[in-house]
Ligand code: NAD
């Protein structure tokens with residue numbers, strides 16, 4: 001884990017089944033959320049991007065006593081059809097979905113957004129990081145006859161400019177808008193759709209951003225709490241939004257970033 005943490009156990013997710021998409025290794029945000037939901041009694045189907053990741057993900061999944069794992073590449077309709085079909089075959093219906101997936105090329109995640117964003121890079125970032133959530137929301141809602149809850153993961157770069165975040169900031173703005181529209185469409189079916197805006201955390205995705213480690217330092221030093229964003233806070237917010245504690249919450253972008261997003265000017269030196 002990125003930080004020492006034992007998820008609090010209980011029954012808040014007892015009787016609930018759902019899909020978690022986006023575990024790549026033990027530092028993945030999706031893995032922190034999975035541990036928390038499992039500790040509260042959830043049954044989880046894990047999707048992973050491909051065979052290369054299976055070797056890393058399987059021991060994690062088994063460590064929490066689970067074994068339902070399905071390959072799913074969000075850019076491949078046949079792979080997505082097969083993944084959701086596998087869940088439907090096994091469980092018939094689900095109660096929650098966690099989408100914790102994003103991608104942009106290294107060349108795009110540095111320097112000038114204007115200079116470095118190619119048509120193909122833009123298309124790929126939008127497809128994997130935004131369209132995939134819309135696609136998952138549709139597929140998951142079809143197997144949520146009793147209502148349910150979904151979350152996706154976003155970042156402050158959607159709302160404000162962040163160095164190197166570039167096309168991913170544009171994608172996250174799209175993802176946040178997609179969250180609101182999906183919440184509107186699915187609300188009448190009793191499905192709550194929300195997003196968590198996490199502060200910078202040390203994961204594979206962060207390593208792909210030029211200067212990503214400095215984003216963590218700035219996030220900590222400028223934050224109201226003067227600390228890094230902790231997995232327990234992100235996973236706790238996911239538990240709140242996906243369990244019955246989150247009743248009446250829909251279309252929300254909930255920040256878990258030690259208060260960084262409200263800072264306009266950092267602390268000033270003494271005169
Ligand atoms: P991560 O690298 O552990 O997770 C990203 C996941 O996306 C991986 O599991 C990867 O396999 C998956 N993915 C990429 N392309 C895919 C494809 N075509 N099909 C299926 N899966 C694919 O990194 P993370 O930081 O845990 O990222 C999870 C989410 O959290 C992302 O949406 C990310 O933008 C968001 N987020 C991260 C931070 C941070 O600082 N790490 C902050 C806020 C939001």
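Including glycine, each Cβ sits where the backbone N, Cα and C put it.
The candidate list 22, 65 contains one residue that TrEMBL assigns to the NAD(+) site with 28, 29, 49, 73, 74, 101, 172, namely 22. You'll find the Cα of residue 28 (NAD(+) binding site) roughly 19 Å from the Cα of residue 165 (active site, proton acceptor). Close contacts with ligand 1, defined as a Cβ under 6 Å from any of its atoms, occur at 155 among the recorded positions 104, 155, 165, 172. Within 10 Å of the C-beta of residue 28 (NAD(+) binding site) there are 24 other C-beta atoms, taking all protein chains into account.
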